[in-house]
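S.K.: This structure is in structure tokens; I'll ask about it shortly.
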Amino acid sequence: MTRRGWIWFALPATLVFLAFWLLPMIRLAWLGQTGRDGGSAYLTVLSEPLYWRSLFNTVLLSAAATLATLILAVPVARFLAHHREFRGRGTLIALLTFPLAFPGVVVGFLIILLAGRQGILADLTERLFNDPVVFAYGMAGLFLGYLYFSLPRAISVLTAAAEQIDPALPAAARTLGANAWQRFAHIELPALKPALIAAGAMSFATSMGAFGTAFTLATQINVLPLTIYNEFTNYANIPVAAALSILLGLITWLILAVAHHLADAQQGAGA
């Protein structure tokens, strides 16, 4: 393709990028320059404990959900990769990835049905102990919601990566006397590291920006997407909402950039 041809080929994508990402981001960053009191909304965000607590809760929840997602996804992915012919494998994969079809609001509703005030767990513990257990509306409920949302994605990524591992390598290690843990730690885990990094970054970024689940569940805890929504919709504090949006985007972008660098380094080391 000629140079002019490449220009015409790239022009639509460039226009879409400018119209729907770059220009809105510039406008968003500019809105945070001046707050209601005449000062910078960025300084308000950085100096107000309410926003710091919201950020801390968001990062803590996202990190915890990401760690739990990877811990649970790895054995499932290994099982699916090692057992490719058993009857019902397709059905099992469909069930494991079925939550991908649910928006965040539906995920939150499912958590309420499980652990809400009228949920299954509350009803059961009320009957057994006369003391209903309810945790859907705080940190634990959001954690389960984020985990439910992230786990199918991580399983899909890690299963695809585990299926690429040459089965002759663990077999050779077993012949040489390596036990199951040694085969996993020295052969499978290094091969899975790029996929683990990618799945972890995807899970963290998804949790950081999850609004529907937080909107449904977070009545006892404040997280950043909900804080942005309240500042914009309920308080009409657009400069602070813009500054918080930029902060959320920068943190998520930084995590994704670091993950991309680490994944490239792992692939380069394995080459």
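The backbone N, Cα and C atoms fix where each Cβ goes, and this holds for glycine too.
According to TrEMBL, the protein carries these features:
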{"type": "TRANSMEM", "residues": "55-80", "note": "transmembrane segment"}
{"type": "DOMAIN", "residues": "55-259", "note": "domain 'ABC transmembrane type-1'"}
{"type": "TRANSMEM", "residues": "92-114", "note": "transmembrane segment"}
{"type": "TRANSMEM", "residues": "134-151", "note": "transmembrane segment"}
{"type": "TRANSMEM", "residues": "195-218", "note": "transmembrane segment"}
{"type": "TRANSMEM", "residues": "238-259", "note": "transmembrane segment"}
S.K.: With a Cβ cut-off under 8 Å, give me the same-chain residues at least six positions beyond the ends of the transmembrane segment (55-80) that come close to it.
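M.R.: Beyond its ends, the transmembrane segment (55-80) has Cβ neighbours at 89, 92-93, 96, 139, 142-143, 146-147, 150-151, 154-155, 158-159, 161-162, 184, 188, 192, 196, 199-200, 203-204, 207-208, 221-225, 247-248, 251.
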S.K.: May I ask for the residues of the chain that lie six or more residues beyond the transmembrane segment (195-218) and have a Cβ under 8 Å from a Cβ within it?
M.R.: 58-59, 61-63, 65-66, 69-70, 73-74, 103-109, 111-112, 136-138, 141-142, 145-146, 149-150, 153-154, 157-158, 160-162, 224-226, 229, 248, 251-252, 255-256, 259-260, 262-263, 266
